[in-house]
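A short write-up of the structure that comes next.
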Amino acid sequence: MRRKGTKPSTACHQEEGPPPSQDGAHSDEEMEQPAGEAESAAPAKPPGEELDNRSLEEILNSIPPPPPPAMASEAGAPRLMITHIVNQNFKSYAGEKVLGPFHKRFSCIIGPNGSGKSNVIDSMLFVFGYRAQKIRSKKLSVLIHNSDEHKDIQSCTVEVHFQKIIDKEGDDYEVLPNSNFYVSRTAYRDSTSVYHISGKKKTFKDVGNLLRSHGIDLDHNRFLILQGEVEQIAMMKPKGQTEHDEGMLEYLEDIIGCGRLNEPIKVLCRRVEILNEHRGEKLNRVKMVEKEKDALEGEKNIAIEFLTLENEMFKKKNHICQYYIYDLQNRIAEITTQKEKIHEDTKEITEKSNVLSNEMKAKNSAVKDVEKKLNKVTKFIEQNKEKFTQLDLEDVQVREKLKHATSKAKKLEKQLQKDKEKVEELKSVPAKSKTVINETTTRNNSLEKEREKEEKKLKEVMDSLKQETQGLQKEKEIQEKELMGFNKSVNEARSKMEVAQSELDIYLSRHNTAVSQLSKAKEALITASETLKERKAAIKDINTKLPQTQQELKEKEKELQKLTQEEINLKSLVHDLFQKVEEAKSSLAMNRSRGKVLDAIIQEKKSGRIPGIYGRLGDLGAIDEKYDIAISSCCHALDYIVVDSIDTAQECVNFLKKHNIGIATFIGLDKMTVWAKKMSKIQTPENTPRLFDLVKVKNEEIRQAFYFALRDTLVANNLDQATRVAYQRDRRWRVVTLQGQIIEQSGTMSGGGSKVMRGRMGSSVIDEISVEEVNKMESQLERHSKQAMQIQEQKVQHEEAVVKLRHSERDMRNTLEKFAASIQGLSEQEEYLCVQIKELEANVLTTAPDRKQQKLLEENVSVFKKEYDAVAEKAGKVEAEIKRLHNTIIDINNRKLKAQQNKLDTINKQLDECASAITKAQVAIKTADRNLKKAQDSVCRTEKEIKDTEKEINDLKTELKNIEDKAEEVINNTKTAETSLPEIQKEHRNLLQELKVIQENEHALQKDALSIKLKLEQIDGHISEHNSKIKYWQKEISKIKLHPVEDNPVETVAVLSQEELEAIKNPESITNEIALLEAQCREMKPNLGAIAEYKKKEDLYLQRVAELDKITSERDNFRQAYEDLRKQRLNEFMAGFYVITNKLKENYQMLTLGGDAELELVDSLDPFSEGIMFSVRPPKKSWKKIFNLSGGEKTLSSLALVFALHHYKPTPLYFMDEIDAALDFKNVSIVAFYIYEQTKNAQFIIISLRNNMFEISDRLIGIYKTYNSTKSVAVNPKQIASKGLC
């Protein structure tokens, strides 16, 4: 059953609307209105209701370029194809059904009526965004499958799968990598729908953009022909009847792409109409102002006549006043002649006197300024030196004090440490001594017991040897008993002697300390005295050597200054010579490379055989490197040779011919004078520089030759600027760019490219120079360079000597100042030590021991020592005897008795040490308290002295830092001032010398000037009288002001020449003429305001004319742009139209086997006025309009047009629903064969019930319906036929 459809050209079927909601869904009512219908619903605005105020450039720039073809028509180009369609619960398809796969070229869908064939097309329309009504449904929810077996389904989905392929032979093809994608649309029960691209949620706009980018024509729906619509394509009206209606003209315009120009053409047309209206208004204003201006012209002329008369009268007054002044000046001249005779001989003296006076004033002022400056700097240096000397003295004093205080602090620290250790030691003496006594007593008792044991052991040993040593042993025992008595006496005597000695040492300790301090003080006094003596001698030596060093330093500095100046002069000379040598070498190199013709001509010039030769034109001038390429590209005459005249040029030509050297072109300067007037500056577009003005020459005569070569060629930065500048309305210019591109006055363009010309003209003018001259310059450069090196070496030696002398001088000064400052400190130290020695000597006397007490203690020590010595001597004798006996016994007993005896000796020795330790401990306990009190007093005194000394050290360090900072500042200031002092002193001496010379000259001139003064005073009185009269007449002339007349510039009061003044013989006649003119002026009564009013109207008239010209120019620009766009639209349309109509004719002839069809213009002069008519001549019939054809003929005509449009603008996909319904068997076969054979770069999916259509297809998609659900099956007819299955 066929469906009623609408023609695809009247509306677009895709969705457009507001953005989707958050869930991405669209409602059927809100979102599925076609864009074309939305446009038709909006009322058209009248052209004058809203004016487009964009500039012409903005309007033209807003025009998009012609749309590119969506896909290529040539073989092997990538194209889009549908692989298969997946329907899920869509219309008659229950569940998920896959339709396909479709063939890459020709697929037919077949099946019985009502099986769901057209639902295949509907599924694609659904995905492509068509409204529900276009898919034969009232709303989207109706598209969801509903049958007895499948109820309450909530949604339906259709997926169309695409891929891009490259065709190969036969049915084979290559799939482009990553080109597969699918577009799906899902509709819900609430009539909303969502789109997905390859599973990702998208808007319909994204889907539309994607499909358009792959060549699917969603805008004109050429890919889709539904039931009954095939003939409606050809039946469109020639042109749309309304603005939003679409006929054949609009249909073709959209396909060709020139429709994009319609809106800009309308805008420009409206702007031209409005500008014409405005221009009419401006023209009327000009005429009105011109009429008012003409009405004021009579009064204006009368006023001008009056002003002219007054000007004539003022001129006459000017003449008579000048005559009177001239007469007085002649009288003054006579007197002046007398005056000149008087002081003619003294004129030079007066001038010299004035000059000397001015010089004297200037020099006196300069001397005062320099003296002030010099005094200020000198005073500043002296003040700083005094400050530094004082600071250095303070520094030495503080350092000496700091040194003494630091030394004192170190000694006190050591003393304090010793005193503290002594206090701690004395504090622990009683306890330690008691502990020692207890421990020693215990140890002594233990040793006594041990000795008894060892003696018993020894006795046992000796008993064993008794028989052998019995006699000796008895004798030894007797001696030992005697020794035991002696040992007790010895220990007691030794203890008494050591106690007495300790008491004597403690009693004499303070006195011994005082004696030690006195000895050290005397040694320090000797050291200070020797240092003072050495420094006084050093000061005397420095005072002798310092002046000699200073004198030597001055001489070296003078020599260094002289060498420095010589070095500067020589370096400057060497630098200049180096530049000259480099320029000479460059010039020589360029001269060598200029060619044999130019070399021969230049050689003739140098030899003098052909005078008047200047040289190659390019070598006679220079230009900035920026313009090198420009002038090298556009000026062919740079290689011409410049000569003074045509005769010289002829001589050069004859010379070249005679010697067969070559040919050359010459410029004769005597023929170039015709260009002199045109060489002046000119006004150029955009102030573009003229190349001629950029050329620099040494000889101004050559400029005419350069103008001849360049004329008014301009140089632009780039080709865009060059194009703007070259094509001016009133004149065309010759322009060259910095890249060498040239635009001639004729409009032709040349130059540019990858290789450009450069180097034909240098950045400096080249002089002729020989190899000998270059060698001479190089020799001179080498000589001066060696001399500069020698002076530099001498300078370095002098600089080193000056540095050494300055160091030596500075060291002497510092040493002198330090020694001078330290002498006082050493003297004070010497005095201090003397006082200290006296104090220490008094202290020695104070601490001197009592002689009686000392003698008593010494006598005690002596008595105890004698007692000890006497007892010890006796004990020693007994002990020696015991030892002898013991040794004898030992010798007898050999080694048996020796070990035991050694043990016993060791114990005896330890017992002696214990006795001595107990004695010392007892003495220490007795003297500990007294010594502790003295030691604690000493610690307190030392700590107080340390605090005072530390405070003194910190104060001295702070003072020393302040002194150093001040000294550094003073030194820096002094150095800065001393650096500027020599220059100021030199300037002062020079000024004084110059001033002395001027004073001597001035005194000589004053004597001569005095005698002349008296004579001149008499003459000056007469001249003054005449001058006062001249001033009066000059004042009268200054009052004379001429009136400006019309637009002429105001005339200045003429100054008569001497000849004109002498020609005035009768001044009274001029006076009479002035009186006559005054009478005429009094009779006239003009309106002088008429001139200003006329001028005002004239300015307004010119302003109105300028406005008229401006709007006329703007109107012309818009009108020209309007005409250009109309022409462009026509050209684009006709180019596409001829391609389409020719292909239409070819297709129709093929489809009908002899018929003819064409698209013809209703109005051959203007295709856009009446539109396009589709005319057809079926085979063996006459030409007919499309409306008069049969159904089959209309179908064939429409298909021919569809295929012609495909040829012009290919579309990858075509869907056709029973396009062969109205065709007979023969025509169906022709159409099917045409689709199969001719259209190989597109995919056709056709629904057909005609066997001669679907039998020829590459793939059949069978549609059948069972159990209220549509199914499909795909087969390849050719494969089935090849297997013999049909």
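Glycine is treated like the rest: Cβ placed from N, Cα and C.
Marked as phosphoserine by Swiss-Prot on the basis of similarity to another entry: S21 (among others).
Under the heading phosphoserine, Swiss-Prot lists S27 (among others), citing similarity to another entry as support.
Annotation source Swiss-Prot lists phosphoserine at S40 (among others).
Per Swiss-Prot, ATP binding site is recorded for G111, P112, N113, G114, S115, G116, K117, S118, and the stated evidence type is sequence analysis. Using a 10 Å radius centred on the Cβ of N113 (ATP binding site) and all shown protein chains, the other Cβ atoms total 9.
Around the Cβ of S141 (phosphoserine), a 10 Å sphere holds 20 further Cβ atoms from the protein chains shown. In the three-state DSSP classification, S141 (phosphoserine) falls within a helix. Taken from Swiss-Prot, the feature phosphoserine applies to S141 (among others), supported by similarity to another entry.
If you take every residue in the coiled coil (270-589) and average the pLDDT, you get 78. Positions annotated as coiled coil by Swiss-Prot, on the basis of sequence analysis: 270-589 (among others).
Per Swiss-Prot, the feature N6-acetyllysine maps to K379 (among others); the stated evidence is a large-scale study or a structure entry. Around the Cβ of K379 (N6-acetyllysine), 11 further Cβ atoms fall within 10 Å across all displayed protein chains.
Per Swiss-Prot, the feature domain 'SMC hinge' maps to 611-725.
What Swiss-Prot records for K677 (among others) is N6-acetyllysine, and it gives similarity to another entry as the kind of evidence. Neighbour count (other Cβ atoms within 10 Å of the Cβ, all protein chains): 7 for K677 (N6-acetyllysine).
Summarising the annotation, Swiss-Prot assigns coiled coil to 768-1018 (among others).
Residues annotated as phosphoserine in Swiss-Prot: S980 (among others). Secondary structure from DSSP puts S980 (phosphoserine) in a helix. Sequence-distant contacts (6 or more apart, same chain, Cβ under 8 Å) of S980 (phosphoserine) comprise V377.
Feature annotation from Swiss-Prot assigns coiled coil to 1068-1133 (among others); the stated evidence is sequence analysis.
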Checklist entry - Tell me, by DSSP, whether K677 (N6-acetyllysine) is helix, strand or coil? => result helix
Next on the checklist: Taking only same-chain residues 6+ apart in sequence, whose CB is under 8 Å from that of G116 (ATP binding site), what do you get?
Outcome noted: K91, S92, Y93, I1263, K1265, T1270
Checklist outcome for this item: Cα of P112 (ATP binding site) to Cα of K379 (N6-acetyllysine), in Å and rounded, measures 129
Checklist entry - Near K117 (ATP binding site), how many other Cβ atoms are within 10 Å of its Cβ? => result 26
Next on the checklist: Can you give me the same-chain residues 6 or more apart in sequence from S115 (ATP binding site) with a CB-CB distance under 8 Å?
Outcome noted: S92, I1263, Y1264, K1265, T1270
Next on the checklist: Comparing the binding-site residues G111, P112, G114, which residue's C-beta has the most other C-beta atoms within 10 angstroms in this structure?
Outcome noted: G111
Next on the checklist: Return only the integer: C-alpha distance in Å from G114 (ATP binding site) to K677 (N6-acetyllysine).
Outcome noted: 98
Next on the checklist: Is it possible to list how many residues within the domain 'SMC hinge' (611-725) are helical, extended or coil according to DSSP?
Outcome noted: 65 helix, 18 strand, 32 coil
Checklist entry - Just counting, how many other CB atoms are there within 10 A of the CB of S118 (ATP binding site)? => result 26
Checklist outcome for this item: Surrounding the recorded ATP site, with Cβ no more than 8 Å from the Cβ centroid of G111, P112, N113, G114, S115, G116, K117, S118 and those residues left out, we find I1263, K1265, T1270
